[in-house]
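K.L.:
Structure in structure tokens, see below.
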There are 2 protein chains.
Amino acid sequence: MSKSSTLTFDATADLLGQALAKNSLPDVVRVLSLLDVAETLEQLERLTTIDRALAYRTLPKGRAIEVFERLDARLQADLIEGLQDAEVADIFAALSPDDRVILMDELPAVLASRLILGLTDKERALTSTVLGYPQGAVGRYMSPEFVTTHPHLTAGQTMARVRAGIDDAESIYTIPVTDGGRHLVGMVSLRDVLRVGESELVADFAKEPLAVPAMQDVEEAARYCADAKALALPIVDAENRLVGILTVDDALRILEDAESEDAARAGGSEPLRRPYLSTPVRSIVQARVVWLLVLALGATLTVQVMGAFEATLAEQVVLSLFIPLLIGTGGNTGNQAATTITRALALGDVRPRDVVKVFAREVQVGALLGLLLGLLGFAVAAAIFTIPLGLVIGLTLLGVCTMAASVGGLMPLLGKTLKVDPAVFSNPFISTFVDATGLVIYFLVASSVLGI
Amino acid sequence: MSKSSTLTFDATADLLGQALAKNSLPDVVRVLSLLDVAETLEQLERLTTIDRALAYRTLPKGRAIEVFERLDARLQADLIEGLQDAEVADIFAALSPDDRVILMDELPAVLASRLILGLTDKERALTSTVLGYPQGAVGRYMSPEFVTTHPHLTAGQTMARVRAGIDDAESIYTIPVTDGGRHLVGMVSLRDVLRVGESELVADFAKEPLAVPAMQDVEEAARYCADAKALALPIVDAENRLVGILTVDDALRILEDAESEDAARAGGSEPLRRPYLSTPVRSIVQARVVWLLVLALGATLTVQVMGAFEATLAEQVVLSLFIPLLIGTGGNTGNQAATTITRALALGDVRPRDVVKVFAREVQVGALLGLLLGLLGFAVAAAIFTIPLGLVIGLTLLGVCTMAASVGGLMPLLGKTLKVDPAVFSNPFISTFVDATGLVIYFLVASSVLGI
């Protein structure tokens, strides 16, 4: 998208691939020198671990650090194993404290400790502030370097503070206002500081702060940052003292990872945590196999249900023809409801206490969908087979859709209440429960309508 | 999360609900006066259309406009129908040109035209710049109001331009650099302008611009903004002339909507485009019914396959017991692959031309998963039933998993190549194809192993 390269993405990928295949480092250097940081990143993310380490080491030092900062933490950790100690120490020192901590979570403990010891006192102190918060808390993702101002200072004095902190602070566009005890009392934007007169007091134009406690769940905090359209959010401790800021670019990355996780789990696997093409086949299998086994284990319940009705099936083999269609429709209806509610929970549109409202809506939605599909199913099956069989199919679709939509709607809420990822909780449960219950509904309806 | 309210979210929701149920406007005013903009928004999004209009009209004017600006376009359009013409005109004039155009897409054409005519000449001109781009292009979402600087100006002169444009421009933190013909030649951040000496020339510290063409797909542009960690991206026309900027908060909202859409479609329904609790049951049914019908129609293929093997089934009723498990496992494996590739496409990690790489990986992944599940399936089925039946189950699982993973991996790429949403394209196709093909594999394996 940038104008800096005259080659297309695909042509660059081909050239880079050829240069690496030939092990020709000068060619690699030549191709990479045509790219900007974003393009370099895109190309590196498509390579295997070894090729990526090779290509990375040909980058000039300044560019190398810029690229490193923006790689996923997993890929950073992969790279570090292939670099020399001095190079690693340089890169580690150049990272901001929050990025450093995220990388440390991916490194072997021994290496992480050695790297920490190599930092300057100041950087070590900043890093340990961030490290002090548990994984999953926003404190772990905040930047402990920020510019602040005070209510009794003027806009002009605030500008001087901004200029003084301009090299260290991660954001200078949102400036928290604190009192003598470091308590957060307000927030000003750099825009407002520039807009008002130089001598105007911060107290007179500061806004209510949008504070987030450092122990808050990181995904919730990031969503709040996005919803508030804030460029940065002040993070406070339990006594409302300012401890850091969360910037919008970190919020974006957090939401992107959360959404990759939700998408993967909705599809019944664990997130890969690396770009697809740079994930080894073995890791992809690992990300999927547990879920597949859990789902297959759950599905043995359907074998038992089928076994219980084997006599009915033997008498009316025609019943078995509709089994894939009926349980497929049940699964689809359940998935629709579960997906909608999982997303609504992620966006904060629905909360666990809305369980009665959600149930009431999904029963209605399921019954309406079931009525429609049931009428269709009746018409088709009655026309092709017999009217009693049409009745069985129609009534089963009505029952299965109503059941599946209500169960699908409730599961994510139950998951959230039990503090399990709603997507993890819903998926296997819906497949298993809806399939098995759907079969029971089918055979009961068939027995009573056909009198078997 | 904000400190401005002393009531919890739930208590506020209850109080507001009671006040609205009693139709007691003074109580509504009292509850809403305790909330900040973000909290007001969260509460409004949970109400029915009528209650929301009622509550909205009690807000003081300034607050009302702030809240309106941040509502989803659908809810904005709902609200406008309940407001008086003068109120609507005020709100419409206060919106930024890009938000105005997004709202216009939701309004009846007559109302939209009347509102446009009520704008000042300047606002009308800005709005028509944005309106000139097709839906889906980033030009439609950009802000046409921005501050620029030129290479021959100094940092001090640039600051003066920033101060002059501070009230109108949507972002002042990223400043595009243009030449005499409005061509984009660079980019400076406000941070850099403040950091360098007042007399330094822009030409000496400007960076390569990260330009995006106005006709670029909006989701790709937003993803690029996020990946580049940019607060704003310059948008250019075909001659590289600056026409607008895309700010990170708009990019975030675009990505959020795109992800809601992907999540909904992966779950087999259309996105609701309103918060769940404020969507009428009828609209939820509409969002789901078409997909459900398409999927059910596809599933009739399974009825035909089952019909073709009815004689086999009649001879060996025991075979029918495993049908839900086998097609369920196939569907799960296919979904896993499709979800992974759909997400990798959205993130730009995989492109359609990677089709051979993806296929090679998914065949391996599918075969490994199938081998594992197949061995397990063989052991269990051989132990409980017979060794030949164990063989049938084991071999079928191997075949189904390999087939499902490869088909699931290829479908999103095919969808992208055909310019259809990969999620839309993959879902029904995988369900139908994998279920039907899985059954064929099962019956063929059964026939040859059991000799029927």
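The backbone N, Cα and C atoms fix where each Cβ goes, glycine too.
So TrEMBL lists the following for this protein:
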type	residues	note
DOMAIN	A:142-203	domain 'CBS'
DOMAIN	A:205-261	domain 'CBS'
TRANSMEM	A:289-309	transmembrane segment
TRANSMEM	A:365-385	transmembrane segment
TRANSMEM	A:392-414	transmembrane segment
TRANSMEM	A:429-450	transmembrane segment
K.L.:
Treating G and I as helix alongside H, and B as strand alongside E, what does DSSP give for the domain 'CBS' (A:142-203) in helix, strand and coil?
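P.N.:
Taking the domain 'CBS' (A:142-203) as a whole: 19 helix, 16 strand, 27 coil.
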K.L.:
Cβ under 8 Å, sequence separation of at least 6 from the ends of the transmembrane segment (A:429-450): give me the contacting residues as numbers and ranges.
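P.N.:
Here the qualifying positions are 295, 298-299, 301-302, 305-306, 308-309, 312, 316, 319, 322-323, 326-327, 330-331, 333-335, 338, 388-389, 391-392, 395-396, 399-400, 403-404, 407-408, 411.
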K.L.:
Run through the domain 'CBS' (A:205-261) and tell me, per DSSP, how many residues are helix, strand and coil.
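P.N.:
Secondary-structure breakdown of the domain 'CBS' (A:205-261): 25 helix, 16 strand, 16 coil.
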K.L.:
Take every residue in the domain 'CBS' (A:205-261), average their pLDDT values, and give the whole-number result.
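P.N.:
Here the predicted model's pLDDT, averaged over the domain 'CBS' (A:205-261), is 90.
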